[in-house]
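Take a look at the structure set out below.
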Amino acid sequence: GDYKEPGSLRYLLHHEWASIRKWIMYQPIDHIKDYFGIKFGLYFAWLGFYTHMLIPAAIVGLICFIYGLATMYSNTLSEDICNKSLNIVMCPLCDNCQFWNLTDACDYARVTYLFDNPFTVFFAFFMSFWGTLFLELWKRYSADITHHWGLTGFDVQAEHPRPEYLARLRDAKVKINVITNTEEPYVPFWKVRVPATILSFSVVLLLISVAVAAVFGVVFYRMATLSSQNIFNEEDKRILVPATAALINLVFIMLLNYFYDWLAVKLTELELLRTQTEFDESLTLKIYLFQFVNYYTSIFYIAFLKGKFVGYPLKYNKIFGMRQEECSPGGCLMELCIQLAIIMVGKQAYNTILEMIIPLMFKWWNTFKIKTGMQEEETVNKNGKIQWVEDFKLLDWGPRGLFPEYLEMILQYGFITIFVAAFPLAPFFALLNNVLEMRLDAKKFLRFYRRPVPRRVKSIGVWFRILDILGKISVVTNAFIIAFSSNFIPRLVYMITVNKNHTDVGFLNHSLAYFNISDYKNPNYNNSDYSLCRYQEYRNPPWDQHPYKRPPIYWHVLAARLAFVVVFQNVVSIMMMAVQWLIPDTSRKLRDEMRKEAFLTSEIIITQERKRAQGMLPGKIGSGDFLNGERNAIFTLMFLDK
């Protein structure tokens, strides 16, 4: 029916579910399942559950940000950076740059503190706990839904072969499927499957290398821009260079996505996978591997590589004659935050716009083709429209189905778990996006897409395993981000071992090394008005017996950083195991209900067998008749139980 005409399920869903005004209401999951099928119903059930679980994460992230905002002007490090009376002259950031005053980074340091404050460590712990809790509670919720929809005993091997699979192998040898007891085409494993799989993943690795090369191309752009004096002035470079680089990276990401998505479908078709579930999981693995590298490589670079191997003014480590990028005195966390915000928020805004515009354009194109090719009038509905023609104008789902929707949410999940220590507002922005995403997806599916062929699935499939892996990766990445990309550990070591009052007063001066300008190999700096400049490193001063060598404090800080990573990982791992042990996959109520159904099923089978043995059932009961009778009896019992 028409989504504008009352009386149909499509109209009911469009009015009650797809309306933005109903954003605060629960989703009608059973009605969604009835209209779209179990696969779609399970996706929206997962999306709704994930969005609800984002609420506590968003609240804690906002508290972290508000704490940083409230204590911004009491932070010793940023206030020392902004203190003009200290008159700290910094060494040039590039070979052609000039000396600069540390107060130029004042605003940058204060904004950095909004995300890099003592509360951030607690937030990282909380998000690791949240990720485990989310997966465990979803398993319980998913078990309830699959049992409610009668999928508890569903087996993938009982799934029918894909039509494309049967069409391509119509002339192949046949074999008997021992589960369905039907003839199916036979595909040689070693001669066909293995070579096709090797080819697919070889191409995947090649394109992953291309994605990594694109990211390092953007890195070279940043290095060249920082070395130039004609594009941005010194004060603007700290914000504009990372922002423009992130935008260029986002453009590369989108362009590579379009090509790779098309190619991944073709490669998966070559593997001749039997069922739609197997096809979806193989396609998911290929595309997600590429998308993971495509979206996260630049963020990993800033978090773990940038500023770590720069060298020092007497001996810089150069790449193609260009100096590597340095972190500001406030650390690289702010730049990591800028990169995350642009890629995450920009991607979500871009996808939201495209998801509504592209289906509308395709619908207009289909309408144009139909109107120019239709020869005669057909029976019309109440509004004077031909209903089948109106439905035919809508978009087909294609081979990927719900894959783009899942992929968008899983990539978002990666942003709010793997790098959440650098951007505590990520769960809040994800929550805002998902509240709109549910309703816009509903509107898009009901208005612009044909009703899909319903498919039975038992779970969200390979996506759950990806979520579990992301949760484990996030523990490691957040530990390293706090330890190596922020000033938390150096500041803590300074307070415990260096400062007699155990405060962070003087930490800025302690973290900056001295360099004698007369030691510069660049003759342009020999006539400078300054005799010394500072740079962010732990190295001996030029007047020391071993100038520019590593002091003992450097090794103390490094040991503390590694110790923090080990402690963080072990504490979080123990906490995750405790959560998994305390929360079973199914609730006690559901387990009792399943035992009851299994007992009643056994009683029915025993009764039927007894009647057949006593001759009370006339004729011979075939296996198909018996199974149908058993199934009808179970459905009757379930109906009576409800």
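Each residue, glycine too, has its Cβ placed from N, Cα and C.
These features come from TrEMBL:
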DOMAIN    32-597  domain 'Anoctamin transmembrane'
TRANSMEM  43-70  transmembrane segment
TRANSMEM  119-138  transmembrane segment
TRANSMEM  198-219  transmembrane segment
TRANSMEM  239-263  transmembrane segment
TRANSMEM  283-304  transmembrane segment
TRANSMEM  410-436  transmembrane segment
TRANSMEM  457-484  transmembrane segment
TRANSMEM  553-583  transmembrane segment
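Contacts between the transmembrane segment (457-484) and the transmembrane segment (283-304): present, as 3 or more C-beta pairs lie under 8 angstroms, all at sequence separation of six or more.
When Cβ-Cβ distances below 8 Å are used as the criterion, the transmembrane segment (239-263) is approached by residues 108, 203, 207, 210-211, 214-215, 217-219, 221-222, 225-226, 232, 287, 290-291, 294-295, 298, 335, 338-339, 342-343, 346-347, 350, 400 of the same chain, each at least six residues removed from its ends. When each of the listed stretches 119-138, 198-219, 283-304, 410-436, 553-583 is scored by C-beta pairs under 8 angstroms to the transmembrane segment (43-70), 410-436 comes out highest. It is 119-138 that, among the stretches 119-138, 198-219, 283-304, 553-583, forms the most Cβ pairs under 8 Å with the transmembrane segment (410-436).
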